[in-house]
Amino acid sequence: MVPEATQEQHPVTPAGTAPFLIGDRMTGGYGAADILHDCTVAVEKGEIAVIVGPNGAGKSTAMKAVFGMLNLRSGAVRLDGEDITTLSPQDRVAKGMAFVPQTSNIFTSMTVEENLEMGAFLRRDDIRGTMEQIYDLFPILRDKRRQAAGELSGGQRQQVAVGRALMTQPKVLMLDEPTAGVSPIVMDELFDRIIEVARTGISILMVEQNARQALEIADKGYVLVQGANAYTNTGRALLADPEVRRTFLGG
Amino acid sequence: MDLVNALVALLNFVVIPATAYGAQLALGALGVTLIYGILRFSNFAHGDTMAFGAMATILVTWVLQGAGISFGPLPTALLALPVGIVAAAALLLATDKVVYRFYRRQRVTPVILVIVSMGVMFIYNGLVRFIIGPDDQSFGDGARFIINARQFRDMTGLSEPLAFKTSQGITIVTAVIVVAILFWFLNHTRTGKSMRAFSDNEDLALLSGINPDRVVKITWIIVAALATVAGVLYGLDKSFHPFTYFQLLLPVFAAAIVGGLGSPLGAIVGGFVIAYSEVTVTYAFKKVANYVLPENLEIDSLAQLLSTDYKFAVSFAILVIVLLFRPTGLFRGKAV
């Protein structure tokens with residue numbers, strides 16, 4: 001049985017089961033020209049949603065739009081039913097969202113531990129427990145905690161970046177190509193960790209270049225083409241869809 | 001051959017003055033480097049900020065001296081220093097509010113902020129001259145020497161004298177204390193770490209919830225303290241003359257750039273590199289050489305590489321060399 005991927009203009013969420021975080025029919029861009037056209041991405045509580053698509057499809061832009069880093073001309077972003085469209089990125093952090101940018105996502109001149117401390121800057125309570133959890137999740141960081149983050153390998157830097165974002169104890173973790181530039185082994189390792197994070201109840205929305213591997217771990221997948229939703233389905237269904245395979249996954 | 005006298009001469013004319021001067025430059029360069037790291041522009045008004053802080057301190061010193069208050073063997077200016085720092089901080093915060101903040105909101109390129117800071121420099125320049133006048137002002141009091149030449153000769157019986165001025169001793173001790181406090185603050189307090197984070201990666205600092213306005217404000221206050229301390233120490237050691245503070249801008253910038261802009265440790269090292277270079281290149285080594293050399297080889301020339309009139313050329317030359325061969329400075333600061 002081959003599950004059928006739906007090709008749709010406006011993915012509509014069934015009434016009553018509004019996703020935990022949704023960027024709903026977003027249209028906008030950085031300047032005069034729109035990059036996103038009626039684009040919808042969403043993630044359920046404790047699930048992993050992955051945005052894939054060809055280069056220039058607006059994947060990262062969709063991510064930034066959800067995080068409030070660009071102005072939307074129309075559409076809305078809702079977190080747990082609350083409209084947060086007009087909130088600044090900083091205010092969204094305070095609301096429980098965390099974002100790991102694709103590049104420059106660590107403080108290179110500061111130690112691993114200081115990076116984590118800065119992640120928890122808004123928190124006034126005891127952060128040692130959270131820090132221990134992160135060291136348990138990424139044991140290598142515990143050994144390197146006094147080392148400058150800029151001296152670490154690519155994979156370790158990504159762990160620092162994810163760790164920094166987790167320090168706020170977010171409800172949603174947004175990752176922009178977390179495996180960019182790391183080896184396949186490190187990539188598998190990172191994906192395992194991301195699944196572990198999702199199991200703790202944190203929703204994960206991520207953009208991935210390695211579409212096939214990412215869809216394998218995804219509860220939900222969004223294929224974007226030219227800033228619009230091309231296919232939306234479960235990760236498994238998208239992987240099985242011959243059309244998606246042929247056009248985006250290289251057969 | 002008289003190694004001991006040679007060493008004393010070297011200590012007296014090179015090591016002690018250069019160390020004191022280096023400490024003053026280091027404090028100045030720390031201010032420049034902090035502004036570069038956090039506000040991301042080269043602040044040309046820094047020399048005149050030092051002049052303003054020193055001027056405010058001098059005015060308070062005069063009031064204290066008039067009231068008959070003194071600090072024993074130490075200069076009264078040290079008592080007035082906190083007031084000078086507060087005055088300089090008020091000036092910098094006010095300037096930020098009416099000038100720099102406007103340009104920050106426009107998200108202008110750093111070079112525009114540099115030009116803006118030159119405008120601010122001319123205003124500070126005029127302000128200081130308007131209040132205290134363009135002339136030399138003396139404000140040092142207390143004991144002049146920790147060790148004076150005659151004491152040293154009586155103590156050691158050496159023919160070569162050695163003098164260690166109170167102002168030099170105070171400069172070195174104060175610089176060590178100020179730098180220790182600054183580094184402790186930057187490395188061990190939440191606010192200090194947030195400043196380093198902001199300097200390292202502004203976007204990520206914003207994503208982490210660090211408040212940029214607060215970071216900027218605290219930076220100006222720290223810079224005011226550093227500039228005032230540097231300005232007062234320089235004034236005590238040499239003399240207070242508004243124009244010399246403007247001239248200090250070159251060695252101070254050279255120190256910050258040589259060390260690596262944005263690197264506090266680099267600023268300190270840079271300060272001493274510039275100071276030692278300036279002093280050794282312009283010092284006449286005739287005396288030292290003749291103590292060391294055998295009698296038949298004694299020299300008649302001054303053995304001075306450059307006249308003291310050219311001392312600014314030294315900073316300039318070092319600056320050019322560093323920019324050519326290691327543009328990020330000794331401690332890998334940001335590229336200029």
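Just so it is clear, glycine is given a Cβ too, placed from its N, Cα and C backbone atoms.
For reference, TrEMBL has these:
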TRANSMEM  B:6-39  transmembrane segment
TRANSMEM  B:51-71  transmembrane segment
TRANSMEM  B:77-99  transmembrane segment
TRANSMEM  B:111-132  transmembrane segment
TRANSMEM  B:168-186  transmembrane segment
TRANSMEM  B:218-236  transmembrane segment
TRANSMEM  B:248-276  transmembrane segment
TRANSMEM  B:312-331  transmembrane segment
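Among B:6-39, B:111-132, B:218-236, B:312-331, B:218-236 has the largest number of CB pairs under 8 A with the transmembrane segment (B:51-71). Comparing B:6-39, B:168-186, B:218-236, B:248-276 for CB pairs under 8 angstroms to the transmembrane segment (B:77-99), the maximum falls on B:218-236. The largest share of C-beta pairs under 8 angstroms with the transmembrane segment (B:218-236) comes from B:6-39, of the ranges B:6-39, B:168-186, B:248-276. Cβ atoms under 8 Å from those of the transmembrane segment (B:248-276) belong to residues 14, 18-19, 21-30, 32-34, 36-37, 42, 44, 46-47, 50, 179, 182-183, 186, 199, 234, 312, 314-316, 318-319, 322-323, 328-334, 336 of the same chain, restricted to positions at least 6 beyond its ends.
Taking Cβ pairs closer than 8 Å, the transmembrane segment (B:6-39) reaches residues 46-47, 49-50, 100, 104, 113, 156, 158, 160-165, 167-168, 171-172, 174-176, 178-179, 182, 195, 198-199, 215-216, 219, 222-223, 226-227, 229-230, 233-234, 237, 248, 251-253, 255-256, 259, 261-264, 266-268, 270-272, 274-276, 278-280, 283, 287-288, 291-292, 333-334 in its own chain, all 6 or more past its ends.
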